[in-house]
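Working notes, structure below.
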């Protein structure tokens, strides 16, 4: 690999990260939009900060920071930024693997926790506007009613529930949706991991190539 290969590699890594930086901007912007308009509100009373808007803002910010380091490190041929980019990607990848293992090991406990959290929040529907917004959104989106069905609502179900008396609960509907799309979720997850590994490989290769080029030029 010569100087021309170094230029090719750094521009590939630059555009690779530029695309992800733009994606991060879009995710961050959408998250801020949801926070401002509060369309989804609070679904879990025990975790009031766990809203779709907050999650998107955090994810978008992380993507932007990591992609920025990759962009600047590659285009400036800065070894410090490239290694920072590599380390952050490695930490994120390890965190994803750890999270996947924990979800698999504690799947039943997580299911119980989600069901309890939803049952608790449904009691706050008429007294808390953010909880009302969250339930109205999820019931309209999934075409479901309550946690396990219309019987979860004391009295008549809210207007956001479908009119069908045999409609499924949102907890059951969400699990069915997840299981029916498990293959696609798995493929997307694997693709994300592969992209991260490629990014780490490009960063290390470019970092090594910068050393070699510096030695050749006598720098």
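Heads up, the Cβ atoms here are built off N, Cα and C, so glycines get one too.
Look at TrEMBL and you will find 12-36 (among others) tagged as transmembrane segment. With a threshold of 8 Å between CB atoms, the same-chain residues lying at least 6 positions outside the transmembrane segment (12-36) that come near it are 51-64, 66-68, 70-71, 73-75, 85, 198-199, 202-203, 206.
For 48-69 (among others), the entry in TrEMBL reads transmembrane segment.
Under the heading transmembrane segment, TrEMBL lists 81-106 (among others).
The disulfide bond annotation in TrEMBL covers 145-161. All protein chains shown were included, and the count of other CB atoms within 10 Å of the CB of residue 145 (disulfide bond) stands at 27.
The transmembrane segment annotation in TrEMBL covers 182-206 (among others). Sequence-distant contacts of the transmembrane segment (182-206) (same chain, at least 6 residues past either end, Cβ-Cβ under 8 Å): 6, 9-10, 12-13, 16-17, 70, 73-74, 77, 82-83, 85-86, 89-90, 92-93, 96, 100.
Neighbours of residue 161 (disulfide bond), defined as other CB atoms within 10 A of its CB across all chains, total 23.
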